[in-house]
Amino acid sequence: MSDDKGVTEQPSYDLSNFKISEILLNNTRSKTITLLGIFPDLSDEDKAIVVLEKSAFGSDSTEDSVGGYFSQKTSYKAEFINNIYGNFEGLPPKEINKVKITVIYPATEKHIDKYSIRDKHLVLETPILYENVTEPYLKSTQFSLDWVYNILEHKKEKERIVFEDQDPQTGFILIPDLKWDGHSIETLYLLAIVHDRNIKSLRDLTDKHIPLLTNIRDEGLKAIENKYNIKQDQVRVYVHYQPSFYHFHVHFNPLNNDVPGMSCDKSHMLDTIINNITLMPDYYQKATLPFVLHDSALFEKFQEQEMRRVKPRLSCDSN
């Protein structure tokens, strides 16, 4: 993070002192690993989560990008050669072999639960379940939003802002997501964080928010095209439900960036949201919304309500 003068703030911890206690998650598809541990020089009690992610390949052929894999700086070891096929292990120079590191410190039990491997369950949240289960739970347990307010108030990360509309009702800040390394356009990932603090999630949206949503879509896409030269029809714009934090925000990333959270049980395209509340102003107060829950206290509360799911009929059923 950085202060409002653009100077990078130094962390309280030294990553070289991180001591691993547990691997929470090793995702071979996304090339990420999530570690739990401590900084023993600071505290034996405070937990830290560290996420390591292999950086994406650049799209140019210079030595600072993919071209660097085919130079004297890279060492090779042949694993097998069979006719026209060959496999090699390559050790490229550090300039093109970077790892993105994300740190959460001190991490709470909620953070640890979020980043741990657990069973998943698909739930169907009716408006009644939202009112009786989800909303009360979120009010009592949600993560601190101080980091969001720091951005909105320009106390932190001011120099990272890509675009801002300061209108209190229809305005927002467009800023890089933590998932993006900030360099590789291929993995671009931005968030539009609204100035209106009364909107928590998709459930709060009505037709009165259409000016806000269309402004986010239109100005966000325009800003991305101007700054990163990505055409507007090559960017997906969507909302997560449930979101990772409960201050309304919208996701932007290129169509060729296969990011986590794009499944149909998680993401809702912004254009579809606008269309739904245009046709029915209180659509998201009446709709049953599916989403995935891990084993958690919230899932237990759904079970306590004896949530019933309708078994879908297969096309081959005779009755």
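In case you wondered, yes, glycine gets a Cβ from its N, Cα and C as well.
Listed features, source TrEMBL:
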- His249: active site, nucleophile (ACT_SITE)
- Trp147, Glu157, Asp177, Lys179, 240-251: substrate binding site (BINDING)
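On the structure: features taken from TrEMBL.
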| residue | record | DSSP (3 states) |
| --- | --- | --- |
| Trp147 | substrate binding site | helix |
| Asp177 | substrate binding site | coil |
| His240 | substrate binding site | strand |
| Tyr246 | substrate binding site | coil |
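For the binding-site residues Gln242, Ser244, counting C-beta atoms within 10 A of each C-beta gives the highest total at Gln242.
Neighbour counts were taken as the number of other C-beta atoms within 10 angstroms of each residue's C-beta; across the recorded positions His240, His249, the minimum falls on His240. A 10 Å cutoff on Cβ-Cβ distances gives Trp147 (substrate binding site) a total of 15 other Cβ atoms nearby, all chains included.
Of the listed binding-site residues, namely Tyr246, Phe248, the sparsest CB environment within 10 A is found at Tyr246.
Sequence-distant contacts of Asp177 (substrate binding site), defined by Cβ-Cβ distance under 8 angstroms and a gap of at least six in the same chain, are Tyr189, Leu190, Leu191, His251. Counting only same-chain residues six or more apart in sequence, the Cβ atoms lying under 8 angstroms from the Cβ of Val250 (substrate binding site) belong to Phe172, Leu191, Ala192, Leu213, Ile216, Arg217, Gly220, Val237, Tyr238, Val239, Leu270.
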